[in-house]
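**Q** Here it is: the structure, laid out below.
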Amino acid sequence: MLNNVGRQTRPEGAGGDTEMPETFTGNRALNLETPLIFEQGVPGRIGVDLPEPKKVKAKLGGLARKGRIGLPDLSEPQVLRHYVRLSRQNYSIDAGFYPLGSCTMKHNPRINEKAARMPGLGDIHPLQPESTVQGALALVYELAEWLKTITGMPAVAMSPAAGAHGELCGVMAMRAAHEARGEVRTRILVPESAHGTNPATAALCGYKVDSVPARADGRMDLEAFEAKLGPDVAGVMLTNPNTCGLFENDIRKIADLVHAAGGYFYCDGANFNAILGRTRPGDLGVDAMHINLHKTFSTPHGGGGPGSGPVVLSDALAPFAPVPYVVKDDNGYRLQEDVEGDAAQSFGRMKTFHGQMGMFIRALAYMLSHGADGLKQIAEDAVLNANYIRVGLKDVLHTPFDGVCMHEALFDDSTLKDTGVSTLDIAKAMIDEGYHPMTMYFPLVVHGAMLVEPTESETKETLDLFIGTMRHLVDKARTGNDPDFFKNAPRYSPRRRLDETGAARKPILRWAPEGTE
Amino acid sequence: MTIKYSKDHEWVTLDGDVATVGISNYAQEQLGDVVFVEVPEVGAEMSKGDELAVVESVKAASEVYAPVAGEVVEVNQDLEDNPSFVNEDATGQGWFARIKVANASDLDELMSEDEYKSFVEGLE
Amino acid sequence: MRYLPHTDDERRAMLEAIGVGSVDDLFTDIPEEARLNGLLDLPGHATEMEVDARMRAFGAENLSPAAAPSFLGAGAYRHHVPSVVDHLIQRSEFLTAYTPYQPEISQGTLQALFEFQTQVAMITGMDVANASMYDGATSCAEAVLMACRVTRRKHAILSGNLHPHYRDVTRTTLQYTEFSVEETDVDPQGKTDIPEIGKDIACVVVQNPDFFGRIQDLTALAERCHEAGALLVVVVTEVVSLGAMMSPGEMGADIVVGEGQSIGVPLSFGGPYVGLLATRQKFVRQMPGRLCGETVDQEGKRGFVLTLSTREQHIRREKATSNICTNAGLCSLAFSIHMSLLGEAGFTKLAEINHAAAVAAAEEIDGIEGVSVLNDSFFNEFTVALPVPAEKVVSQLADQGILGGVPVSRLVPSQKDLENLLLVTVTETNSSDDVAKLVAALKEVI
């Protein structure tokens, strides 16, 4: 029952080492506080000017709202200031280095934002007659063609809203394909190091998850995998490059084995950035792979979404793709919206409308900007940068797996053993140094994991300074003369360490007026 | 009343034919601050090894398995408001459930306090 | 390439530091037979000016509802979004931040989410809301899964007057689980009752106003659900309606889901949008998706963190409440900013304007010979019965540069008896002149 992630979730001590005295306002120069929006309103103010409604007899079926909702009333400048102040309490890729492993925090070009707002793109309705949206349908079609070429796959389902939604799409297509052949399969093989979405997705498709151990070199154990295959195995879900930042060099054998057993190969494409233009999933034996447009193709992460997760499909799975999709014929472009005709085998619909158009526009602008040459350069520079960091730190931080890595460098916490300083402490100290921390404690198979993904966007100077900073912090931890330095970090952020234990024990999930709780 | 332990870090004490079950002190230390315990319904029939409860810290959720078979006759309602009992008093106020033991021999397979101590030392 | 900073000299120096001869040496784990030598069969890189022109050309081939009288709805609605909204969501710190897993340097996103959750809870009349889902239909499917967990039952009843795509997505999502759905008939007259709610029913899902625009009092249905031990899930596809109508919470809903696009989010051909999910306090631990909670920091200052994350896939893996990983982040921020600008006065007035404009337009359309409005009640969308198939009429209107509404047959193609029905939406963006043009054009084509 034990899961070794019981790390500290409550700050120690009362933060008594703050050198900075409190100010009267609670602000600290450019670091400006703002109360909750609900604590700022004054009835009578308004942030929009609206015309007077027409005088009509209401037709609300006698169900007009009677009571107040409780929303605060503010003027436009108040609202603007509130959100500007909030924004300044966020770290962002535009402001600094964001080496968050498996998240691919790369530069988000602004031409993409501009294009998404162009007339005829950002403002069109999903249910307009097809004759009035030929440009939009052409754009989706064109993006699909680029994705098919880049991945070497014959088909792509565009509608999934995010990576996890794409996984659901791929695994549902697998299940639909098995059922179409009248086969009942119950198990799906997933390596131990997988993203949490993989087992969660498999479970939602009615499959039992069977975990495959890793080899000492960080790749999936091929023998253990082969031993688990059987007529009840629906397929395998494998991230490649994997969550340890390594290319699964047995991938062709894995594909052959699962195919021989009658199963399908789902590839989690979260780390596709590393292999763009160097290899194609279609040449690796993949049957389905989602592509996180918000990782590989630079659509902004937006503080947690929206994402977009198109899924490329093999010939075997293509007939089962979800509706709707764009079809090109002699009369132009049309949408196949229903499970009928050519889509008779489709497993259904995943989203209210056709997909994350706003993200498609941005991703296509990004692809056009890079072209074939730029896409390949992305992968090469991303892998180059990760290896540069790996080599720059390997004498102070231990790498659990030998050899070159792909787009992210993985370290464990063994060099911190007995220092009293944890991975979490190092991460919090990085915040004071002006960095967003790397991914921590993931993958679960590595103790105190630190997963660093620099992406292709960063300069050599940035990487050198980062390496220098990390060496300084590890050195400081190991000399061991100032444990409080780490336990009290971060000091300079808008908030110090937060009490996550308290938040979970007594959840407060909304504001409520005084005296109502 | 003697306390016995399972390899899954549950403890059991027996009073007549009713066993009280919780998680060990070692287990709560490993989990960190417990924030929620999902206890079973009274009346639930447990086979040995069934999922009896789920204990959650901020970053982890762990299943707790029934170390003995039988019917759940009482659950610790106090944990709803005070999950910290599991951290503060794992083998006392932090108990999870009471089970009317169906098979007295289930207890024979459990470890004594000393045996559990050396079992845990072996894990470190 | 303007986005890639390394010079060739720097690349060489870095390869040397790594101790390899060439960049190819970093890709040797790729099986030789699968390595791509040379370039992908795609055009080369393009300048920003070229990309701009290319994208603009795609846009030029579409008829924008901003440039034509437009009466489209059926789950996506055109509303005026104040300039402040788009300006703020393009601030680097919101646009290019990741999920707020490091709360010390993510208070901006977190506080905004906490405010979003509160706003959604308030307008739906519920206790709590999550930090958003992909869109309305996926929220609906998640609500059914949640109801099955809460009640430990396995079946759901979906009203036939629930948006057809919401029914499709729910059915698709549940098809390989142990749960199932039954659906009542599609009924534009709104006379079909929910059948008996058996002991195996986890929830009943109804839309209000329904797909045809009709408003219903759900209080009695809520009581029937609760007597049977089931939950009532209420779907709202046009959130502006909540400014004018009694909230689902007041009618007894247990879970309210909806599409938040109408507030702050552009139409964008169907996505990205923002799914809403709100419920009662007692069901919090069975909710899907991200939740933000209030806490304090080391110095005792109020702050916010993502919380109750043991429900989620990255911890519970195959036992998670959902496989969902993201939320609609930036779209929920846009929603929240727009709602903050509106406030109580603005939100309720916006709803009033929409309703009044729709009532006035419905009267004019109902006056056309051979045409009738089916609804006794509606908010800003109603169903028009035409003497001829609606698809054809809409196509003829489009030729005249008018986006005249959504034919019901586009969403329910299997039912011939609905082919003359047209869904018409009127919002604050429609002028009286727009309505006059629609009425004149309708008279001409039928």
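Positions of Cβ are set from backbone N, Cα and C atoms, glycine also.
This is the feature table in TrEMBL:
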DOMAIN    A:187-302  domain 'Aminotransferase class V'
DOMAIN    A:380-476  domain 'Glycine dehydrogenase C-terminal'
MOD_RES   A:LYS295  N6-(pyridoxal phosphate)lysine
REGION    A:1-24  region 'Disordered'
**Q** Under the DSSP assignment, what numbers of helix, strand and coil residues are found in the domain 'Aminotransferase class V' (A:187-302)?
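**A** Residue counts for the domain 'Aminotransferase class V' (A:187-302) by secondary structure: 34 helix, 28 strand, 54 coil.
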**Q** May I have the DSSP-based helix, strand and coil counts for the residues of the domain 'Glycine dehydrogenase C-terminal' (A:380-476)?
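**A** Taking the domain 'Glycine dehydrogenase C-terminal' (A:380-476) as a whole: 44 helix, 8 strand, 45 coil.
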**Q** Enter the number of other CB atoms within 10 angstroms of the CB of A:LYS295 (N6-(pyridoxal phosphate)lysine).
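**A** The answer is 24 other Cβ atoms.
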**Q** Can you give the mean pLDDT for the domain 'Aminotransferase class V' (A:187-302), rounded to a whole number?
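**A** Averaging the confidence scores along the domain 'Aminotransferase class V' (A:187-302) gives 94.
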